[in-house]
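S.K.: A single structure is presented below for examination.
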């Protein structure tokens, strides 16, 4: 649903000028504000507030029945406090959750997304503004594939395969910049969003297809694993009584890394050259694969109690 929303935003941006796009952007949050007025609080939260009758009403609204749902025992919903971080069942999923979010952004996905239209221009596409739509379609298709096979293949396998595809494609993307650095008219020595020379240079155009292929392969690989799975694992590995705080910390880590990568990537391209910056992202992808293989547990088909017992060494 997230990537479908992104694709719809790309399509709207293709046909609307930015002012009308901004107006259209007001519609979804307005609907959300209206509809949330009719949404109950979650039953577990209401129980922590000792509002059992409201909790049962919320359960009836959400599930249509109270059957199959057990009320948590007294004390199970204790709040978070720092002393809990000494417990393996708390700090291990904390470290894994934050690391997954950091690696997701350090993979360079935002750099690829920002560079998409530039690459399509270098490949001499007639309408380079279609680049974002093509990227969005790839995201939707391969995220759908991930949704269909995730419970069969498992989280760790998809993360590892996704990471290896990202290593290969990001390395090839860096190779493109390395091969084109001496060709006149290419953009490999300029800032990320700098304008491109319109001079026809056959060698540069040919190599630009290497960049287009690498970019599409990277987006496909990211969408199969490192796009959706860190968010899924974040919802699976934390005990209930720390889930709220832990989830907030992981989301904070994700957006902090997104901010840093977005802010500093152009500087990295100047310091390391473009090929060096993308090869650095490839190195982070390698580390993310190793982290997955050695540190991330498989959660497919496991209950929260089994996952917590794994972290506690039981």
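Here, residue 1 is simply the first one shown, and the rest follow in order.
Every residue, even glycine, has its Cβ placed from backbone N, Cα and C.
In TrEMBL, annotation is done automatically, which means it is predicted and not curated.
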S.K.: Ranges 20-39, 40-59: which does TrEMBL label transmembrane segment?
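M.R.: Within the set 20-39, 40-59, TrEMBL attaches transmembrane segment to 20-39.
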S.K.: Roughly where does the domain 'Major facilitator superfamily (MFS) profile' (1-300) sit in mean pLDDT, to the nearest integer?
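M.R.: Averaged over the domain 'Major facilitator superfamily (MFS) profile' (1-300), per-residue pLDDT gives 82.
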